[in-house]
Amino acid sequence: MVCGGFTCSKNALCSLNVVYMLVGLLLIVVAAWGKGFGIVSSIHIIGGVIAVGFFLLLIAIVGLIGAVHHHQVMLFFYMVILFIVFLFQFGVSCSCLAMNQGQQEKLLVSSWRLMSKDTRISLEKKLDCCGLFNNTQNQGVFMSDLHFCDAPCVKKSLCLTCGEKMLQHSSEALKILGGVGLFFSFTEILGVWLAMRFRNQKDPRANPSAFL
């Protein structure tokens, strides 16, 4: 069958939804890795990426089922929700790419100050570091943290600050999430168009006298 026919449109839509499922899983995994590696809950944009990845995965499953069964109602809701996901994903991806190191540092400092002493010590052990930032603005807090620090690196006398490690991994995570999210957000417009086109095509397996 020539491309553009019912079968071709169905296969293209199914393939696209499989890609969306993989992208959704990738966004969730990378965001969870970044959040779990000490980027701290203050960077709420990471939580937004996880939500976008979850909804993209969910709507991709709906779209796949709708395409396989040529289900009119499912395809309609798929188009509407996918367009909404595109808007959110585009905004969140741009926010990830626009967040510079200075903004990340401010968020980490504000979150660090809200932590209890036990939470700081636990995080220092996990990341093998001491204190957040050793600079003039945070010198008092840093010296206090250094006094109570019990990270493995203390025995080696070669401790990096936790801020350095957090910024390194947060920058990596935000670049990956922003780049992947922004690139694939534009393909979601193609998904909406394909679903609209496929939904309006007549299923050759149906009754020839029936109209969509």
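Glycine is no exception: its Cβ is also placed from the backbone N, Cα and C atoms.
Those TrEMBL annotations? Automatic predictions, nothing curated.
What TrEMBL annotates here:
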DISULFID  C129-C162  disulfide bond
DISULFID  C130-C149  disulfide bond
TRANSMEM  12-33  transmembrane segment
TRANSMEM  45-68  transmembrane segment
TRANSMEM  75-100  transmembrane segment
TRANSMEM  176-196  transmembrane segment
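Feature map: annotations from TrEMBL on the structure.
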residue: C129; record: disulfide bond; Cβ within 10 Å: 24
residue: C130; record: disulfide bond; Cβ within 10 Å: 23
residue: C149; record: disulfide bond; Cβ within 10 Å: 19
residue: C162; record: disulfide bond; Cβ within 10 Å: 26
